[in-house]
Amino acid sequence: MDTAEERLKGQAEIWEHMFAFVDSMALKCAVELGIPDIINSHGRPVTISEIVDSLKTNTPSSSPNIDYLTRIMRLLVHKRLFTSELHQESNQLLYNLTRSSKWLLKDSKFNLSPLVLWETNPILLKPWQYLGKCAQEKSSPFERAHGCEIWDLALADPKFNNFLNGAMQCSTTTIINEMLLEYKDGFSGIAGSLVDVGGGTGSIIAEIVKAHPHIQGINFDLPHVVATAAEFPGVKHVGGDMFVDIPEADAVIMKWILHDWSDEDCTIILKNCYRAIRKKKNGKVIIVDCVLRPDGNDLFDKMGLIFDVLMMAHTTAGKERTEAEWKILLNNAGFPRYNVIRTPAFPCIIEAFPE
């Protein structure tokens, strides 16, 4: 029988889960107001009054609510996004950055702010209201919420398309360093060309080519996506459809692409990858994606489980996969040999080789 203490712990855990969205909204508030940047610009811990003064300077017409800001900062300090320390002389709290909030600085190369604003945007939040219904009826929460798939919305709405591209580019910068380090020999061994399938605006292939100038980079995505891409040295932008044809290359790379699609769709994409590299002596496909370990305790194992449910809300049939599921998927598409390379960052690198 549960003790009174156990029952209270259980109750507290449900309360915490129930209101977990408050953490996300407080985080969004801090990003929207640029609070990490305000603290960073001072070069020292700041008071709430100094934060308010900076907000007034940035937006002269604003009238910041100091009570709200103080309470929001109190929660974010508790969540370790900021620190606070009482200044003895002034008897005011001084706020400073932590290792977490340093990832929210807009001028930093490693800035997760666009992704925070993406995931907390009403368009992305609305599908979650349909998760239970869709679990009963086997339908798509995003289509229920918006009447179309996320890719169709991006095609129809240029503003949303740019928003999506910015978030995806942001996700790239968080992992590129670890990827270049952990797969250095793999990139060095590519004889000539590398096509980034679903490469968005080309930021990841640009970084790979910059680190390995012998590689001829091809950024491949839908025409309306590459139309907004900047020019990068050694990178050619190509518009097309990965479900129809993929440009020939010595190797193919896909970052967080296959988790957006069903096994059937992934098989089509992978077979097109097979055709793209089949004439090459050492052709291979490099998949940067999650490899689920449901019982794992590493830094990002829990995030894999979260992303798996995230795919339900954002895509029609996307999902994260265990190594056993990857093995079946790759084998069915003509890739019987593969290696899983775990990195310190969230996704793994899967090297797949044709027969």
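Glycine is treated like the rest: Cβ placed from N, Cα and C.
What Swiss-Prot says about this protein:
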- V197, G198, G199, G200, D221, L222, D241, M242, K255: S-adenosyl-L-methionine binding site (BINDING)
- H259: active site, proton acceptor (ACT_SITE)
Under 8 Å Cβ to Cβ from V197 (S-adenosyl-L-methionine binding site), same chain, six or more residues apart: give me those in sequence order, or none if nothing qualifies.
F220, D221, M242, I246, V252, I253, M254, I257, I269, C273
Looking only at K255, H259, which of these recorded positions has the biggest number of Cβ atoms within 10 Å around its Cβ?
K255
Fewest-neighbour residue among binding-site residues, criterion Cβ within 10 Å, set G199, D221, D241
D241
Pairwise Cα distance for D241 (S-adenosyl-L-methionine binding site)/H259 (active site, proton acceptor) [Å, integer]
17
Between the Cα atoms of H259 (active site, proton acceptor) and G199 (S-adenosyl-L-methionine binding site), find the distance and write it as a whole number of Å.
14
If you pair up every Cα among V197, G198, G199, G200, D221, L222, D241, M242, K255, the residues annotated as binding S-adenosyl-L-methionine, what's the maximum separation in angstrom, rounded to an integer?
16
According to DSSP, which of helix, strand or coil covers D241 (S-adenosyl-L-methionine binding site)?
coil
